[in-house]
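The structure appears right after this line, and notes come after that.
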Amino acid sequence: MSRKCLVITVSGLAGSGTTTLCRNLSRYYGFKHIYAGLIFRQMAKEMGMSLQQFQEYAEMHPEIDREVDRRQIEAAEDCNVVIEGRLAGWMVKEADLKVWLEAPIQVRAQRVARREGISIEEAFMQIAEREMQNRKRYLNLYGIDINDRSIYDLVINTFKWGPDGVFAIVKAAIDHLYPDGDAGSGANPGNKS
């Protein structure tokens, strides 16, 4: 498939830094940012459920996941987009760059606690429960093992590198794809003519 623009997927578990990276990429390159987690949260709100309740509801209603995935795949048809979601790398098969971010669960729990205004212990328990539910659901629904990182072009430990380091690594990869500095301008990295 010949593409005249860049499509990047950024995936990772809760608190790994996916939103921070996507916002930085969006600001720097002017990419449109599609966030699967926000879609999921909006759907929970529309149904009057907490995120945890909606997570449990989604386990029994596969149409929820399929709708989120449909929106991600649809978004990948746009030019110059960064798509954020745990399964984005799996769903957007022809992405130009697939990134997985990770960090130790203790670090992720601290980040989530700070973001959500809850205790670290509560965040840790929520993350552990959510990851167990998601892994089971993704295996049952799609046959995808969320722990399989083999499809990703980059796997980055955000605890080790921090937001600036992570951005620099991904920027270097994008600049390699677009050596003439044309990322976001609609140029095709494989076509030098």
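Glycine too: its Cβ is placed from the backbone N, Cα and C atoms.
Of all Cβ atoms in the shown protein chains, 27 besides its own fall within 10 Å of the Cβ of Ser16 (ATP binding site). Feature annotation from Swiss-Prot assigns ATP binding site to Gly12, Leu13, Ala14, Gly15, Ser16, Gly17, Thr18, Thr19, Thr20.
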So which other residues, same chain and not among Gly12, Leu13, Ala14, Gly15, Ser16, Gly17, Thr18, Thr19, Thr20, have a Cβ within 8 Å of the centroid of the Cβ atoms at the ATP site?
Leu101, Ala103, Arg108, Arg111, Thr158
Number of other Cβ atoms within 10 Å of the Cβ of Gly12 (ATP binding site) across all protein chains:
25
Counting other CB atoms within 10 A of each CB, which of the binding-site residues Ala14, Thr18, Thr20 comes out lowest?
Thr20
